[in-house]
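Enquirer: According to TrEMBL, the record shows the following:
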type	residues	note
REPEAT	15-43	repeat 'ANK'
REPEAT	49-81	repeat 'ANK'
REPEAT	83-115	repeat 'ANK'
REPEAT	117-149	repeat 'ANK'
REPEAT	151-183	repeat 'ANK'
REPEAT	185-217	repeat 'ANK'
REPEAT	219-251	repeat 'ANK'
REPEAT	253-285	repeat 'ANK'
REPEAT	289-317	repeat 'ANK'
Amino acid sequence: LLDMGANVNLGTVDKGVTPLHCAAEANHPEIIQLLVDHEADINRICLDHGRTPLYQACLNGATEVVKMLLDMGANVNLGDTENGLTPLHWAAQKDQPEIIQLLVARGADINCTTADNGRTPLFEACRNSALNSVEMLLMLGANVNIGSKGNDLTPLHLAAQQNCTEILELLVDHGANVNCTTVFDGRTPLLEACQISAVDAVKMLLASGANVHSSAFDTGATALHFAACNDSSEIIKLLVDCGADINCTTKGDGRTPLYEACRNDASNAVKMLLALGANTDAPQCSTDSGYPPLHMAAQNNSPAMIKLLIEYGADIDCITWDDGRTAL
């Protein structure tokens, strides 16, 4: 077909995908060589998302094709037109350290960010628990503390969300701020880990100096509140052993971890909090209610929890502030 004059750069009508895109996606270096020898545009972009042949090769982990396209002069930093993901972002996502090294050696910006929300290749690697990618990117000098736009989640937040202790350790060893916070609600990596009951991540973060007293900006909820909500007795013990205030309260409505545990019918958390000395009668300190933990246990129809609270000294006849209701 090429010898008979076929147009090497004609793309599909709907998306503009060219033969070179297809050869790159299918990992066919010999066909790529033929197409380029017949003047195929090595940086041609698709009509739909602006993907280049190099982008396609990285998306599919085609190392040999990536090297060939780079040797032929492919633009290493061209990202798609939808959100600005570059070949390096895809290599990071797909856990392809060899491709990452090739791209950076040819001038790829290791800290390039997406157009939509400012994600870096390291961010993408952490989001996908791509350990090999993380190791390579850090070795090549990736900035460990760049967060995404909008919420400012950092790679460390993502590693905590994934409960990936190996990545957490790598990031901290390379200077990640263990107490970094999101912009709008002030969540730290420790809060993220507690929110999903990621015990191993919590242990790692605490050992690295995470602040057990940090709280969300909007609610004032601490790591201990999150652990209580999620019935994570092991995490509760870890936090209290590291100095967390067992009777800490949220902003505005004054909810304690014990209150949260009772509200969420988290029996294991209630047992642990009581064993560690939580105040059984601390009310929800809003001016319009004043509910203590016992009322929440009663509302949830939890007789075992009610019995436990009373055994630890809860006032069985305590009343709410607004209208004097008892647990009964």
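In case you wondered, yes, glycine gets a Cβ from its N, Cα and C as well.
A TrEMBL annotation is a machine prediction, not a hand-curated record.
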Enquirer: Which numbers of helix, strand and coil residues does DSSP report for the repeat 'ANK' (219-251)?
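Expert: The counts are 16 helix, 1 strand, 16 coil.
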Enquirer: Using a Cβ cut-off of under 8 Å, list the residues of the same chain at least 6 residues beyond the repeat 'ANK' (219-251) that approach it.
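Expert: Cβ under 8 Å, 6 or more out: 185, 188, 190-191, 193-197, 199, 202-203, 206, 212-213, 257-258, 260-261, 263-264, 266-269, 271-273, 276-279, 282, 285.
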Enquirer: Looking only at the repeat 'ANK' (185-217), how are its residues distributed among DSSP helix, strand and coil?
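Expert: Secondary-structure breakdown of the repeat 'ANK' (185-217): 16 helix, 1 strand, 16 coil.
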Enquirer: Counting only residues 6+ away from its ends, which parts of the chain sit with a Cβ under 8 Å from the repeat 'ANK' (49-81)?
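Expert: Residues 18, 20-21, 23-25, 27-29, 32-33, 36, 42-43, 87-91, 94, 96, 98-99, 102-103, 106-109, 112, 114-115 contact the repeat 'ANK' (49-81) from elsewhere in the chain.
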Enquirer: At a C-beta cut-off of under 8 Å, are there same-chain residues at least 6 beyond the repeat 'ANK' (151-183) that contact it? List them, or none.
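Expert: Same-chain residues near the repeat 'ANK' (151-183) but 6 or more away: 120, 122-123, 125-127, 129, 131, 134-135, 138, 144-145, 189-190, 192-193, 196, 198-201, 203-205, 208-211, 214, 217.
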Enquirer: State the residues, same chain only, that lie 6 or more residues beyond the ends of the repeat 'ANK' (253-285) and have a CB under 8 A from a CB inside it; answer 'none' if no residue qualifies.
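Expert: Same-chain residues near the repeat 'ANK' (253-285) but 6 or more away: 221-222, 224-225, 227-233, 236-237, 240, 246-247, 291-294, 296-297, 300, 302, 304-305, 308-309, 312-315, 318, 320-321.
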Enquirer: For the repeat 'ANK' (49-81), DSSP counts of helix, strand and coil?
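Expert: For the repeat 'ANK' (49-81), the helix, strand and coil counts are 16 helix, 0 strand, 17 coil.
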Enquirer: Summarise the model's confidence over the repeat 'ANK' (49-81) as a mean pLDDT value.
Expert: 89
Enquirer: Count up the helix, strand and coil residues in the repeat 'ANK' (253-285) according to DSSP, in that order.
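Expert: Helix, strand, coil within the repeat 'ANK' (253-285): 16 helix, 0 strand, 17 coil.
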